[in-house]
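Enquirer: There's a structure below that I have some questions on.
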Amino acid sequence: MSEPPLKKKRRTILDFYQRISRTKCEVVKDKVDLKGTQEAHMATSNSSGNALTSQKLPGSIPGSEIDKNDNKNLDPQKTKLLRDGKCAPVEGKDHTKSTQEANMANKNLPGSTPESGESNNVNENSDSKQTKLGKAASSTDKSSPGPDDGDICEQESEDWEETLDSQSSDNFLSSSRAIPIKKPTPRKDGSQAWKGIPVKGLKKMPDCEEKLGPLKGSESHVVLFQTPYEYKEQSPPKPYAHYKDKWDHYHVRMPCSDQNEFPVQEKHGKKIVRRWDIITRALSGDIKDINDLEAAIISYSHRYFEKWDFQTLHYFFTKDLEEQECREFFSKTMKKMQKLAQKLPHLCSHPIPLLKKGQSKSVTFSQQQIACLLANAFFCTFPQRNAKQRFSEFPSINFSSLFTGKPDSVKMEKLRCILHYFTRVCEKTPCGTVTITRMHKSESHNWDEMNTHLLGLHVSSEGTIEDDGEGMLQVDFANKFLGGGVLSHGCVQEEIRFLICPEMIISRLITEELAPNEALVMRGCERFSDYDGYSSTFKWKGSYTDKTSRDNWGRIYCEVVAIDALVFRSYKSQFNRDFVLRELSKAYCGFFRRMPQEHLPAVCTGNWGCGAFGGDRRLKALIQLMAAAHARRDVCYFTYDDEKLRDDFYKIHSYLTTTNRFSIGDLVKIIEEYRKNIILKSQGKPEMNIFEFILRIFDGSLENTDEYSHSSYEMRFLKESGRESSFSSRGATGGVTLNVNWESESNTASLKSTSKSSTSRQYSQETQIQKLDMSTAKSPKGLALPSHWAPIETGVVSVLLDPNDRKQTIRDEYAKVAKHFEKSMTNAEIKSIKRIQNVLLWQHYALRKKEMEGKSGVGNVNEMHLYHGTIPDTVELICEENFDFRNAGSRKGALYGQGTYFALEAKISDSYAHIDGNNHKFMFVAQVLVGKICLGIAEYKKPPYLDEGNKKKGSYDTCVND
């Protein structure tokens, strides 16, 4: 008869104990230090699985006599049998052959389909798929996030039916495996996947950064190694020479602390010993397989003997890894990990502060120190971190939650990522540093009154933050407990980032859960792994060599900010004002830095807080754009294959920045209007999203109701905002572009329009003017397009005017423009004249004209054709998005106030036009609503009031020089 599995397991553990034993003593229950724990018992069954006998589990230092008197108090019917790498037989079940045991014998991975009466950690709101044996599955909990919950994006799981057999390889975890690849759909039409500013036009590290001096610690910045320090490529930072310990509520309670006590029972009574002595004795032993590893961990964690079943770890080493891979790991990497973990008091000799709520504080580690701390987390040595009542506001750090429970495909891949990290750092000690900063913003913001305008945007349907956001501030869609489910279930954006950059896991050791006005910044974490897939299809793809350069402190130029979004069980609730402001403040806290704007890289982000957290993608995109603008940063946004979202986001950004009507405060008010008039009046999720609402309000295409009569809402909103007097000209949509090859001296501009109707973007997407997709643009009632325009419904096109065209209207238009131009530019040669037809800008122009006519009377708006010279790089931008008053006066000075400058004669604008590589200049003839004029001065931010004593009469529209 074969030996019962549990008896064999017990014998294996005892053998390991005897190899590391030096004295004979026994673990006992201590009513003070081990409050709430039970005496550990070893239960064994005979071959039939019926009779049960129990013995007291020897402690971490075995060999003592067993106290047989304790057996009489044991209730065999309530004793749970420990599984032998398979399952835990419990009362009322047949232990001879369990269902789980059968599953573990199958080469395919068991799925996560719950058995009858078994909890699958998914509530009624979860849309996660449950798949059968042999397929990957994931569970998501959409309830209030706990320490192991992740921000799970809205994406369906992809079923797959392949085994995880690995091809033989000489190197551990280096085999090439067939894995499902999650890649963006190829673009058949050859079009670009992105819109807006090119990536090369965004500010990035290290180009935009100031050079750092030597690293020194301060009250708000704790450095855990000797300072001052400057990075040396082949030499890791030196730790402090003498170990110092602080066992309190403000520092990490270290495994090597003298306060970390462990009760044992010897022949002559109870004795308290240092737990670190037991840990080092266990880690000094010969751990040659998974049974030895489990025995070592249990030896100093006896209270979890029954709770930690190590099912996942057993399956990984016995089923998932090839035999050769397993042997290589235990013969090489494991031994190095054991030595690395035991260096803790030497490498981490300075007390490590906890980053608690309500403070802004930084901690800088060496990468070597992080490797040592993570090795201890792998061996589950951190005291009291598994007791939820003691560290309930901190995420877990010991890896026990990853080792236990039913194995699944995602856990296998997580273990591959983590063990690959240890293989790398054990082979070659990393020499850099990592800084973790908790950001706390105590001051409140009056978002309604903010006059900041949106900045630049690059939006793409392809790419990822970690792969394509190099040098930018990269956003981690975080859980308030950092890392989410990285050490348990869940494998979405945050978990994946922590797996491919395992040094981020150290943030879980020191960071208390994030408050609503807090964020966490991780600077310098190196990437070690490549991956494919997402959620249930996640796969470790192989080693990744991070070639990113480092700063003077040894940190890789990779800055990741963790911001946690709210969870919305109701779609409508996220539009509540308080929740919108909370998300704005959260994003701003993560994006803000107290430094000049020229040193701030762009924010690289995506669908933050969407998916299982219930966030609306368009609202979240707008909120992040607003927060980034207030933090003085451009935005690089990835929509993850969602081309519709990409197009909508680019369109609304172009609209809001082209018209330049809307500040952040304006947008906060618009979101509230959307909630009151659309969200609250709809039964479920409304058909009209927030982007469509903004566009349709101002193009007049909403239904004619009391709230939204064609153009009345625009004017009502502007008046409520107190900003109606800021807009006089609606831009260049009736204009033409001229190429000339003549330079001349001229006087300063004689006329200035206060048009504020463009964006600060400095790059155009292509070298030729292109058609834009503005499918929602419509001509409001009474705003017909010019009759002489070429056929166009939406967008912007340039129409070349040919002086020899067969159409008389084209020839006449060319002649009229050329004649007026040549009056003051007699020696210039006209190379071409193009009519710029921009539907959206024309609509704004016509709408503004109607408003001015309503005040001054038809024919009294002072409409003129004026000249504007510019540099070649901005020509396409103006055609697409209108003039930008923020660029006015940058070369000649804003002599008559802030605004876009125009001239009555071409020769005056000639001095503002620069030649290109072909010796050509560019000039616009713009159709401008001049309105009421006054004498301007340089101090004007906007035209003065018509009557300072009665401001209700409004303001002047334009400032002039005489």
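Even glycines carry a Cβ here, placed using N, Cα and C.
Annotation comment: TrEMBL describes 43-57, 99-114 as compositional bias 'Polar residues'. Per TrEMBL, compositional bias 'Acidic residues' is recorded for 148-164. What TrEMBL records for D476, E494, E495 is active site. Taken from TrEMBL, the feature substrate binding site applies to N479, Q493, Y534. As annotated by TrEMBL, domain 'PARP catalytic' applies to 785-962.
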Enquirer: Please give the greatest C-alpha separation between any two of the substrate-binding residues N479, Q493, Y534, in angstrom, as a whole number.
Expert: 17
Enquirer: Looking only at DSSP and grouping its letters into three states, which state does D476 (active site) belong to?
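Expert: It is in a strand.
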Enquirer: Do you know the mean pLDDT across the domain 'PARP catalytic' (785-962)?
Expert: 82
Enquirer: Quick one: which of these recorded positions, Q493, E494, Y534, have their CA within 10 A of D476 (active site)?
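Expert: Checking each Cα against D476 (active site), the hits are Q493, E494.
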Enquirer: Around the Cβ of E494 (active site), how many other Cβ atoms lie within 10 Å? Please give the count over every shown protein chain.
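Expert: Step by step: centre on the Cβ of E494 (active site), count other Cβ atoms within 10 Å, giving 26.
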Enquirer: Please determine which of the active-site residues listed here (D476, E495) has the lowest count of neighbouring CB atoms within 10 Å.
Expert: E495
Enquirer: Using a 10 Å radius around each Cβ and all protein chains in view, which of these binding-site residues has the most neighbours: N479, Q493?
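Expert: Checking each of N479, Q493, the winner is N479.
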Enquirer: Indicate whether Q493 (substrate binding site) is helix, strand or coil by DSSP.
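Expert: In the DSSP reduction, Q493 (substrate binding site) maps to helix.
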Enquirer: Is Y534 (substrate binding site) helix, strand or coil when read with DSSP?
Expert: coil
Enquirer: Give me the Cα-Cα distance between E494 (active site) and N479 (substrate binding site), rounded to a whole Å.
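Expert: On Cα coordinates alone, these residues lie 8 Å apart.
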